Amino acid sequence: MRLLFMLQMLCLAGCHASRSRDWAHHGAPMFADLTIREMKAVQAYLRGIPEMELTDARSKTLKKNSILLMELHLPKKHEALKALDNGHARPPRQACVIILFGNQTKPNITEYIVGPLPSPTSHEIKRFKGGKPIHFESRPITSVEYDHINSILEKITTTAHKVLFEITEGYSYTNCSLRCLTFSDVAPRGLASGERRTWIMLQKFVEGYFIHPVGFEVLINHQDLDPEKWFVEKVWFNNMYFNSVEELVEKYESGDVPKIKLPNQYNDELYSTYIPRGHSNTPTNIHGPKLVEPQGHRYYIDRNFVEYAGWSFAYRVRSSAGLQVFDLRFNGERIAYEISLQEAIAFYAGDTPAAMQTKYIDAGWAMGTSTYELAPGIDCPEIATFVDLYHYFDTDKPVLHKNALCIFEMTTAMPLRRHFNSNFQGGYNFYGGLENTVLVLRTTSTVYNYDYIWDFFFYLNGVVEVKVSASGYIHATFFTPNGLHYGTKVNNYVLGNLHTHLVHYKVDLDIAGQENSFETMELKYVNFTNPWSPKNFIVQSKLHKVEHKTERSAAFRFGKKLPRYLHFYNPNEKNKWGHQKGYRIQFNSHAHSVLPRGWKEENGISWSRYPLAVTRHKDSETTSSSIYTQNEPWEPVVSFEDYIRNNEDIVNKDLVAWVTVGFLHVPHSEDIPNTATPGNAVGFFLRPFNFFNEDPSVASRSTVIVRPGQDGKPKVQRWTPEVIGHCVTEKPFFYNGTYAGV
């Protein structure tokens, strides 16, 4: 009877695990990015609505109605869970579409939810929390607007041709071949809500032009939808301000402006290139180490559904923000409903007007669409699975980004755990070790000069690591003596400007269910009489736990000490030892706030006040930022502070952790040619804390145990065969780098 009961329980557990896996697989398509077919169907449907009067996004006028962005509209969580937890039908897929209505008396931006896909028949307006309107001036710059900016720059530089030609020894913005000038623009585009005026700086158009400023910056007012009405407000040249280009030229020719001559980079070394230079001791006739899979992949992928060593999850790359993971499970148990990149900012300081104004808020540049091709053997191992991505932003047809995401398993060259048990007589009792292999989900965002490498790592012991590594070129401006207060001189006339990177994530935890609570743990000293020596005292540490019952209590400010243990747990579910099942967030970050609270642009990034804030889940609080914040940070459409202002109860509720990580970057000469990743990676870990009865990686058959035999020879016990097989792929290196409409 007892044996029968045990068999029934094993069968039930196996059946539940099988159902859980099937339902996770069944639900994954809910989170998949829009397909080409869906994008084209949504476009056709909207263009078929006469009153919208939609035209091509790439038509030359700014006075038009056109689609700016199209991406998946996520289902409501409670609807998605019916499919994920009970195998019910998936809710219909929908698209979120941003339309710029510029061809009307009062231009506006409207977001629509369009569905059902793949054959839409209806649409409704998407509302923001609090019903906040979207100012038309907050729209991202489009390629057509850049075309018009280029046109006015041609007029400006024609007027200033002699000045620019002389200081650069032959470079010009127009009528050039090898010696051309280019430009970089900074944001936000103004100093208050409703403005649209941009500081633009000129650079030499060479490889790595970001660090070749020529000392000419111009403020263009481009608020009017008629480019013929755009005008120059200010000019900055050689540390002097002018009210017009004509004033600069006049004073330059009269000798009232000191003349400079920039180094000629075609005679001198191009310091911004990747071309090798200097002495190297590394042999060049043999390859370095390579990652291999002797017998093929150990993970499974079906479209956006991934399984590996007990893990399963769905993923997407949201066009506006970037990489996201959904329905994250380990051995069938959900740990998180969503872990998603929300925003990345880089706030600068400097002495030139462009540097002073540079406060990049990258979702405003459609950070998720800048997922360009990954190079095998460099960006990802050659053995990785490469995935194409499709985006619809500032275009008239979907754009293919080839091999823009990769998935691979790797060894960390560090044991997951090990122990050498000495017998203290020149021998040992046993050695035990387990290699540390991990699944990596990776993509990148090249938001103009900077490259962000976005990673999720899934470990065998139930740990998830979320990491961002920074590379690319520093944002550099023209050197002035006062600039040394705001950065470092990295070449002649080049200042690398100090800046702070902050990255924001949403972590919707479902620890053994949706009813979770949050506590912090620290240590405090206790002093008591020694029970076995009453004349003495014992001083030692004691656990000090604080349960946080409200959202405001769980919003930790920068500048105040963050407790070391941040513990999310299910009060109703316990492990074998009677502890509430939980996970904790562990930071790898040295972030700090970038502006005083409430100071102008800081209102748009109120999430940056907190390394961690915990709120109750709401479908109306899906994101912490928006694509409009970059050009409208003063009165943002999405204000994170609104999420915690009502100070709701967070005990035994569906909780969301909002995590801010980052670092200060004071550029230095080693950032030339550009920033390297070591030391420039931050993130956080999700670590089980009494969620399991023991370390779940004990299930791994890669464990090796060595014991001394009676004959004195080591006896090796292993559960996997010796690795014997061919090494590296025979496919030649290939990289295309293009992306195009499909």
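Each Cβ is built from the backbone N, Cα and C atoms, and glycine gets one as well.
Look at TrEMBL and you will find 1-17 tagged as signal peptide. According to TrEMBL, the domain 'Copper amine oxidase catalytic' annotation covers 290-697. Under the heading active site, proton acceptor, TrEMBL lists Asp362. For Tyr450, the entry in TrEMBL reads 2',4',5'-topaquinone.
Long-range Cβ contacts of the residue listed as 'active site, proton acceptor' within its own chain (separation 6+, distance under 8 Å): Glu343, Ala344, Ile345, Ala346, Ser445, Val447, Gln630.
Confidence for the domain 'Copper amine oxidase catalytic' (290-697), expressed as mean pLDDT, is 96. All protein chains considered, the CB of Tyr450 (2',4',5'-topaquinone) has 24 other CB atoms within 10 Å.
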